[in-house]
């Protein structure tokens, strides 16, 4: 079929299999260009492995360190009539090219919040991966979580706390500057957001893996977070999501103490703002990212997901000098350090009040934002003919859970 982009709200409802594959190949090439090291992780589990930072960590582990990888995600496969999700095509491409490079790659498609997923992962590690993993990457970003204990469904809320938040934002459908107002979260919404996006599920994963004896001596775990800046704090760090991320920090401290007993450790890695399906859903983020991308590109500081993960692995988790990673006062790995530089943030604060519908494209990198957003779904690549026929029914070595 011939597939063109169709955007609705902050979601692109179509995806291009070949474009997604080429995106993955770009990330593999960027990783290989930095050389392969053999002093890092050997067996890696990535929970939330199909897009954004999770996919980038899987690519970095495999193609930067030669690791065997097991990826868990929840995606829709394509059929001969309908395209699947971008994450499905990303994972198919990863699997194909990892196997072609002689690397072990296995994938599980199902609800990563479920006990069934944990049981399947443990079984695979025992029967297929030599019995133990030495790195667990936790990278789930989901608006809903079904609690394994009760079957109850909880939803997260992208809302401020206390007061209605009003700020300049972009209506990404109309490319206009608007005033967006968001009502504050209720106590229940805050609690539910912590349940969905906090550290509870990460801890359940480590509990299950540890009890089953599939964590190697010295195993590490890392979960991803975002703190952002004063500009985004009301909706993010000081909002319901921020409360969930604080819970993630507390969880990391508990897990770190536990894994340190066998020479390992756990950390939250705070990453920079990037264009992902997750960030596109957060009001104010498209405008902030459009500004910060322009400023960081001008300063030669720009990084995408793969550059961030490369730096996390090579300069933090697995330093060549064997030294422990530099952490902040909360024991977090900070990869948002360049974005938070005073010169970058001062430029953002100065630019923010000047942006109007008329000068949006001139003052910010909104054109770059739109391009990156469509690229997430496999579009806007110069090396893909979007008027050519493409088969949406892509199959690969993937275990489907109920």
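Every residue, even glycine, has its Cβ placed from backbone N, Cα and C.
Residues or ranges marked as active site, proton donor in Swiss-Prot (evidence: sequence analysis): 236. Taken from Swiss-Prot, the feature NAD(+) binding site applies to 48-53, 74-75, 111-112, 140-141, 245, 274-276, supported by sequence analysis. Annotation source Swiss-Prot lists substrate binding site at 226, citing sequence analysis. Residues or ranges marked as site 'Plays an important role in discriminating NADH against NADPH' by Swiss-Prot on the basis of sequence analysis: 75.
Feature map: Swiss-Prot annotations on the structure.
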residue : record                 : Cβ contacts under 8 Å, 6 or more apart
48      : NAD(+) binding site    : 54, 72, 73, 112, 137, 138, 139, 140, 141
50      : NAD(+) binding site    : 71, 73, 75, 85, 86, 87, 88, 90, 91
52      : NAD(+) binding site    : 139, 141, 274, 276, 277, 278, 305
74      : NAD(+) binding site    : 109, 110, 111, 112, 142
226     : substrate binding site : 236, 245, 270, 271, 273, 336
275     : NAD(+) binding site    : 289, 369, 372, 373, 376
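Its own atom aside, the Cβ of residue 111 (NAD(+) binding site) has 18 Cβ atoms within 10 angstroms in the protein chains shown.
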